[in-house]
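Student: The structure under discussion is supplied below as structure tokens; questions concerning it will follow.
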């Protein structure tokens, strides 16, 4: 959803030259031209410009153009750059709750995660962990369930995960480590070479349309589903708190409106293109497979252990974890009553 000239008063002020634009340089953790993830930052920039009547503009820089992708958080915190665009889960090592709130293994899907974050108290809980870093966290973009990843070996049993070298972000990496894998976080722009040269045996990154842009189908044989590790995931605009506080309350509210509009765009833009892309992968010779139930059961059990350990070690993680569980439980009554059985298979 892109905001338009319906915000007439702000737009009129801008057109009359009454507004002096403030341009924020935004360091992205994604390539600027990356479908959906890089694109989402540009949609947000359009929405903020529209919502503020041109008073605030974002100038988005691709991964590595201003700072290395995995240095964005530190640079925004220090004030070296005013803002960043990220996957929240990248910062789980520094902000433990970011790992949980960025993407919870076997957690809520996009609609529920959006509800929890914006209307269920999630934003307020997570912000408490960003405050010591002098950062305002704005969850402006949500990603639909991701595939389970690209593999160059079949996963038929839990034992096949032992010794697996995999790139995976967020808490999913901790889960796989419990089952004997060796995981690491590698920026998206470096993944093709890492997989091609055998530094890793498997990788996950994002939606099929995003993975297509990275060329994984050229070098990986198996594409596994479901994305147990990220049923939904948050991309956020992080703003140095001094910069955020320099905006008046009205501008801050306008930015929040633009942020919500971008969430709506991300929910609407994700589902439809993926099937066609997957068919294209199959035509290239990629085998799409589902993890066996035995493997998914083991992953769920290990996920519960990881989540409970994280909650025991950090009070904000504990608060967020309980809050998410409570929110999901409240929604479950509605969901169960609304379940419609699948259509019978065609003859």
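Glycine residues also receive a Cβ, built from the backbone N, Cα and C atoms like all the rest.
Where the annotation comes from TrEMBL, it is an automatic prediction and has not been curated.
OK, TrEMBL features for this one:
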SIGNAL    1-21  signal peptide
BINDING   146, 167, 204, 230  substrate binding site
BINDING   205  Na(+) binding site
Student: Find, among the binding-site residues listed as 146, 167, 204, 205, 230, the one whose Cβ has the highest number of other Cβ atoms within 10 Å in the structure shown.
Tutor: 230
Student: Quick check: which same-chain residues outside 146, 167, 204, 230 lie with their CB within 8 A of the centre of the substrate site CB atoms?
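Tutor: Output for this site, in sequence order: 147, 148, 149, 168, 169, 170, 172, 203, 205, 206, 227, 229.
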Student: What Cα-Cα separation, expressed in whole Å, is found between residue 205 (Na(+) binding site) and residue 230 (substrate binding site)?
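Tutor: So the Cα of residue 230 (substrate binding site) lies 10 Å away from that of residue 205 (Na(+) binding site).
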Student: Looking at substrate and its recorded binding residues 146, 167, 204, 230, figure out the farthest C-alpha pair and report it in angstrom, whole number.
Tutor: 14
